[in-house]
Amino acid sequence: MEKMLECAFIVLWLQLGWLSGEDQVTQSPEALRLQEGESSSLNCSYTVSGLRGLFWYRQDPGKGPEFLFTLYSAGEEKEKERLKATLTKKESFLHITAPKPEDSATYLCAVQ
């Protein structure tokens, strides 16, 4: 019997520093349900003047956010276990390869 794995991804963005009228960060999808072992990606699109860094966090229920990655320039990639983060000029992706039940959490992106 296949186990259903629910990974909650919430549309939440954190803007560190001053927010101008044109700065925006959008995370999608809002929620994602995966079967164990089924890979997928989260998208974090941004329009920010003078990006100094993009951050990915993971938050388990009832706990504070846990830092995963910081990306500074387009083309940069970082990997940790089943997670891989990539950055382009306008968006970042968090790829989850072969997720397990313990990967169920809220994943957040933030820009500075």
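Note: Cβ is positioned from N, Cα and C throughout, glycine not excepted.
Since the structure is predicted, the reported quantities are computational estimates derived from the model, not experimental observations.
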When you check Swiss-Prot, which of Cys7, Cys44 turns out to share a disulphide bond with Cys109?
Cys44
By DSSP, how many residues in the domain 'Ig-like' (23-112) are helix, how many strand, and how many coil?
3 helix, 51 strand, 36 coil
Asn43, Cys44: which of these recorded positions has the highest Cβ count within 10 Å of its own Cβ?
Cys44
